[in-house]
Amino acid sequence: MSEVFNTIKNRRTVGGMNDQVPPKESIDRMLEAGTWAPNHHLTEPWKFIVVTGEARDRLSKALKKVAYGRVREPDSESGKKKIEKIGNRLFLSPVIIFIVYVPSDNPKADPLEDRAAVAITGQNMMLVAEEEGLNTQWLSGPIYNVDLFRDALGLVGDEEVYGLMPVGYSAIKKEGKRTSFEEKTVYLNK
């Protein structure tokens with residue numbers, strides 16, 4: 001099997017990351033790999049926001065404020081726990097990369113195609129992280145695109161968080177399993 005195929009098969013979403021900060025060179029390689037995602041008309045409809053250090057505290061507070069307005073019964077014990085859990089997503093790892101969709105002003109651009117390209121940036125980044133010995137996760141959801149959080153992140157116009165990727169090191173190793181491609185593939189020849 002090729003190295004690329006092995007990297008694809010070995011990559012796992014892993015939590016339980018420790019506080020060891022990945023080298024900037026590794027993060028930069030991930031970001032560069034993201035920029036090589038295929039996309040129609042070379043619109044490159046993405047940008048990356050790398051969050052570390054005290055910025056995690058600031059963004060966590062903003063995320064908790066957003067969560068307070070979205071959680072049912074936010075002042076109850078269970079509501080408070082849920083808000084805390086949501087805010088703590090910014091502490092899942094020492095580095096969080098926000099992958100942002102930036103709508104193109106190219107008249108040929110198709111937003112659906114561009115969003116697919118943004119998702120591919122994440123896959124490219126995760127594969128390079130695997131090669132660098134780093135662990136990653138992929139998180140997404142509408143909570144990251146509420147105005148209060150968008151403002152805290154510095155998004156402008158119609159930009160939107162497409163996903164966020166905690167990056168770090170974990171001692172947890174997971175076995176991968178997938179349904180065989182044969183069960184999900186149809187060949188048409190007539």
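Don't overthink the numbers, they just go from 1 along the chain as shown.
The backbone N, Cα and C atoms fix where each Cβ goes, and this holds for glycine too.
Those TrEMBL annotations? Automatic predictions, nothing curated.
Straight from TrEMBL, the features:
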type    : residues                                           : note
DOMAIN  : 8-169                                              : domain 'Nitroreductase'
BINDING : Arg11, Arg12, Thr13, His40, Trp138, Leu139, Ser140 : FMN binding site
DSSP three-state assignment (helix, strand or coil) for Trp138 (FMN binding site): coil
Neighbour count (Cβ, 10 Å) for His40 (FMN binding site): 15
The domain 'Nitroreductase' (8-169) [mean pLDDT, rounded to integer]: 94
For FMN, whose listed binding residues are Arg11, Arg12, Thr13, His40, Trp138, Leu139, Ser140, the greatest C-alpha pairwise distance in Å: 28
